[in-house]
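Trainee: Before I ask anything, let me first share the structure, which is written out below as C-alpha cells.
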Amino acid sequence: GWQVSMKSGSLSYILPCNRLPVQLMSQVRVYTSNGQKKDLGSEDTNGSARGETLNKVETGQDTTNAGQKQSSPKQPIQVKVKAVLKKREYGPKYTQNNFITGVRAINEFCLKSSDLDQLRKIKRRSPHDDTETFTVYLRSDVEAKSLEVWGSPEALARERKRRKEAEIKYRENLFRNQRLLWEYKEFFGNTKPRSSTAAMFFKGPGKVVMVAICINGLNFFFKLLAWVYTGSASMFSEAIHSLADTCNQALLALGISQSARTPDPSHPYGFTNMRYIASLISGVGIFMMGAGLSWYHGIIGLLHPHPVESLLWAYCILAGSLVSEGATLLVAINEIRRSARAKGLSFYQYVVQSRDPSTNVVLLEDAAAVLSVAVAATCMGLTSLTGNPYYDSVGSLGVGTLLGTVSAFLIYTNTEALLGRSIEPEQLQRLTELLESDPVVRAIHDVKATDMGMSKVRFKAEVDFDGRVVTRSYLEKQDIEQLLQEIQQVKTLEELEAFMLKHGENIVDTLGAEVDRLEKDLKQRNPDVRHVDLEIL
C-alpha cells in the first residue's frame with residue numbers, strides 16, 4: 001500500500017513501501033566571462049538535506065521489512081552540471097561598438113580630418129553599389145577625441161550651436177546670391193549650353209507636349225475670333241476647349257521638367273510622381289474649365305436662344321482645327337505605340353495603366369478635340385439648315401459631356417498611380433521565383449512590389465535565410481586547417497568567447513553580403529526594379 005510519504009521542496013510524493021525512493025538532483029553552475037563559477041548553494045543544501053531524509057526512510061523501511069524481502073540496492077545519485085555564460089547587461093542605450101563615417105565624425109563632433117588620422121580605421125562592407133568597402137571609425141574613439149580637442153561636453157555643445165548658426169546664415173546668403181545670379185542671367189543672357197532638362201522637350205513625351213501646346217494655342221486664338229464674329233455657343237465651347245488644352249499641357253510641361261530633378265535628402269526617391277500630379281491637376285482643370293463652361297454656355301443658349309450669324313468663317317476655322325488636332329493626335333499615337341512596344345504591352349494596356357501620364361493626357365485631349373470638332377460642326381450645320389439655335393446649344397452640351405468623360409478617366413488613372421498600385425502578377429511571380437531559386441533562401445513572405453511611377457518598381461520581402469548555407473559560404477572562404485588549429489587551441493572560457501564573437505561577426509557580415517548579392521541580381525535581371533528592401537526573417 002501507500003505508506004511512505006516524502007516531501008521535496010513544495011511537492012509531496014507518496015511512494016509504495018516496497019520501492020526505494022530515488023531523488024535526482026540537478027546542479028547548475030553559472031560561468032562568467034572571466035572564468036569564475038558560482039554554485040547555486042541553496043539547491044545543493046536542500047539536496048543534501050533531502051539525501052539524509054532518504055537515508056532515514058531507507059533504514060526504517062529495511063528494518064520493518066527485514067523478514068519479508070531483501071532490501072533493493074541503492075541507486076547512484078545523478079548530478080547534471082549546466083554551464084551558462086553570464087548575461088551581459090548593456091542598458092537602454094549602448095553605442096560603444098557603433099561605427100560612424102568620417103564625414104559624420106567631422107560634422108557632428110566638430111573635428112578636423114587631421115584629428116581622424118590618429119584614430120583606428122576599420123574597413124567595412126559598403127552599402128553603396130559603386131564601392132565595395134569604405135572606412136569607418138569607432139564612435140567611442142571619436143567621442144573621446146572630441147572631448148580631447150574641445151575639453152568638455154559644454155564646449156562641444158557651444159561649438160555645435162555656433163556652427164549651426166553659421167550654416168543658417170550661409171544658406172541665407174546662398175539664396176540671395178542665387179537671386180542675383182538669376183537677375184544677371186536675365187540681363188546679359190545665358191551663354192551656357194542647353195541643360196538636360198531643356199533637352200527633354202525635344203524627344204519623347206516632352207516633344208509631344210510642346211507640339212500640342214503650340215497647336216492648341218493657335219487653335220484657341222482663331223476659335224475665339226470666330227466666336228466673337230458669329231456668337232455661336234458651339235464655337236465658344238471649342239474656344240474654351242482649346243484654351244483648357246493649352247493651359248493643361250503647359251502644366252504637363254512643368255511636371256516633366258520637375259520630374260527630372262535629382263533626389264535630395266527631403267525626397268530620397270526623387271520627383272518622378274510630378275508627372276502624375278500634373279496630369280491629375282490637368283484632369284481637374286479640364287473638368288472645371290472645359291466641361292463646366294461648355295455646360296454653362298449650352299444651358300444659357302437653351303434658356304435664352306438668339307439667332308446665329310454667318311457660320312462660314314466658323315466652318316473654315318473648325319476645318320483647320322480638325323487638321324491640326326489630328327496631326328497632334330497622330331504624334332501622340334506614334335509615341336505611345338513606340339513606348340508600349342518597348343515595354344512589351346499593347347496600346348490599350350499602356351494607356352489604361354497610365355505608364356506615361358503626359359502622353360496619355362495629350363492623346364485623350366486631342367482625341368476629344370477631334371470628336372468635339374465633329375460634334376460642333378454637325379450641330380452648327382443643323383442650325384444653318386433649320387435656323388433653330390437650339391441645335392447649336394445642344395452641341396455645346398455635347399462637347400462639355402465629352403470633356404467631362406475625358407477628365408474623369410484622367411483623374412481615376414492618375415489617382416491610382418499616385419496611390420502606389422501593385423505591379424502585374426506575372427512580373428511579381430518572376431521576382432518571387434528568382435529569389436526562391438537561390439540556395440541561400442528557404443522561403444519568402446509578405447512580398448510587396450509597388451509601381452512608383454514611370455516604370456520604377458520598389459520591391460520588399462521578408463526572407464527566411466538558410467543559416468547552414470550562409471555558414472558554409474563563409475567557411476568556403478576560410479583556411480579550414482587554420483580554423484581547426486584555432487579550435488584546438490581553445491582551452492578556457494575566455495578563449496571560447498573570443499573565438500565565437502570573432503567568427504559570429506564574420507558570419508553576420510557574410511549574411512549581409514548575401515543580401516546585397518540578391519538585391520543586385522534582382523535589379524540586373526529586372527531593370528524596372530530600382531529599390532529593393534529584403535528584410536531578414
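The chain as shown is numbered from 1 upward.
Every residue gets a Cβ built from N, Cα and C, even glycine.
TrEMBL does not curate its annotations; it predicts them automatically.
So TrEMBL has the following annotated:
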type	residues	note
COMPBIAS	56-75	compositional bias 'Polar residues'
DOMAIN	209-419	domain 'Cation efflux protein transmembrane'
REGION	35-76	region 'Disordered'
TRANSMEM	208-229	transmembrane segment
TRANSMEM	276-300	transmembrane segment
TRANSMEM	312-333	transmembrane segment
TRANSMEM	367-387	transmembrane segment
TRANSMEM	393-412	transmembrane segment
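Set these features in their place in the structure for me.
Mentor: For the transmembrane segment (367-387), same-chain residues at least 6 beyond its ends with a Cβ under 8 Å from one of its own Cβ atoms are 216, 232, 234-235, 237-238, 241-242, 245, 307-308, 311, 314-315, 318, 321-322, 325-326, 329, 394-396, 398-399, 402-403, 405-406.
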Trainee: Taking the transmembrane segment (393-412) as the reference, which of 208-229, 276-300, 312-333 gives the largest number of Cβ pairs under 8 angstroms?
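Mentor: By the under-8 Å Cβ criterion, the transmembrane segment (393-412) pairs most with 276-300.
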Trainee: With a Cβ cut-off under 8 Å, give me the same-chain residues at least six positions beyond the ends of the transmembrane segment (276-300) that come close to it.
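Mentor: Those are 233, 236-237, 240-241, 243-245, 247-249, 251-252, 254-256, 258, 354, 357-358, 360-361, 365, 393-397, 399-401, 403-404, 406-411, 414-415, 417-418, 453, in sequence order.
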